[in-house]
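Quick look at what Swiss-Prot lists:
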- H75: active site, proton donor (ACT_SITE)
- F11, S43, F44, D45, A67, V68, I69, L100: 5-amino-6-(D-ribitylamino)uracil binding site (BINDING)
- E72, T73, R115: (2S)-2-hydroxy-3-oxobutyl phosphate binding site (BINDING)
Amino acid sequence: MIRIGMVVAEFNYDITMMMLERARSYAEFLGVEVHKILRVPGSFDMPLAIKKLLMDNDIDGVVTIGAVIKGETDHHKIIMDNVSRKITDLSLEYNKPVALGISGPGESRLQAEARIDMAKEAVESCVKMIKLLKSN
């Protein structure tokens with residue numbers, strides 16, 4: 001059985017918790033076990049939690065869940081640039097997929113709400129990559 005971990009940002013909690021529920025339901029639909037869920041303050045805080053999950057031999061891959069909504073400055077771009085880069089680095093370092101389920105940057109709250117299903121897409125991406133890596 002495939003076992004995944006999830007890292008969820010609490011910032012924009014109303015959106016990320018809906019994303020988490022969709023992701024968990026979809027993982028169950030796919031027959032995938034969600035082994036651990038770690039909650040972090042915001043998307044910028046994810047890399048350390050991702051690393052902790054990747055170090056666990058019982059976890060095949062990690063799904064990230066967050067919503068980076070545009071504010072009055074370019075802070076949202078800095079967050080996404082750094083988090084996405086570090087997520088890729090960790091995936092390559094541990095040879096396990098880390099799926100980007102963080103919506104943004106540059107989106108409004110309304111757009112973030114419309115993109116809640118992005119969490120399901122991240123689960124699907126993670127599972128596909130796990131299967132690919134296990135088959136070769």
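Residue numbers in this text run from 1 along the chain shown.
Any Cβ shown, glycine's included, is placed from N, Cα and C.
Its own atom aside, the Cβ of D45 (5-amino-6-(D-ribitylamino)uracil binding site) has 18 Cβ atoms within 10 angstroms in the protein chains shown.
For V68 (5-amino-6-(D-ribitylamino)uracil binding site) paired with H75 (active site, proton donor), the C-alpha to C-alpha distance reads 9 Å. As a whole number, the greatest separation of Cα atoms within the 5-amino-6-(D-ribitylamino)uracil-binding residue list F11, S43, F44, D45, A67, V68, I69, L100 is 16 Å. The highest number of surrounding Cβ atoms within 10 Å, among the recorded positions H75, R115, is found at R115. Rounded to a whole number, the C-alpha distance linking F11 (5-amino-6-(D-ribitylamino)uracil binding site) with T73 ((2S)-2-hydroxy-3-oxobutyl phosphate binding site) is 17 angstrom. Around the Cβ of F11 (5-amino-6-(D-ribitylamino)uracil binding site), 17 further Cβ atoms fall within 10 Å across all displayed protein chains.
In this structure, of the binding-site residues S43, T73, the smallest number of CB atoms within 10 A of the CB marks T73.
The maximum pairwise C-alpha distance among E72, T73, R115, the residues recorded as binding (2S)-2-hydroxy-3-oxobutyl phosphate, is 22 Å. Taking Cα separation as the measure, L100 (5-amino-6-(D-ribitylamino)uracil binding site) is nearest to R115 of the binding-site residues E72, T73, R115.
Only R115, from the recorded positions T73, H75, R115, place their Cα within 10 Å of the Cα belonging to A67 (5-amino-6-(D-ribitylamino)uracil binding site). Compared over the binding-site residues V68, L100, the count of CB atoms lying within 10 A of a residue's CB peaks at V68. The binding-site residues A67, I69 differ in how many other CB atoms lie within 10 Å of their CB, and the one with the most is A67. R115 ((2S)-2-hydroxy-3-oxobutyl phosphate binding site) carries neither a helix nor a strand DSSP state and counts as coil.
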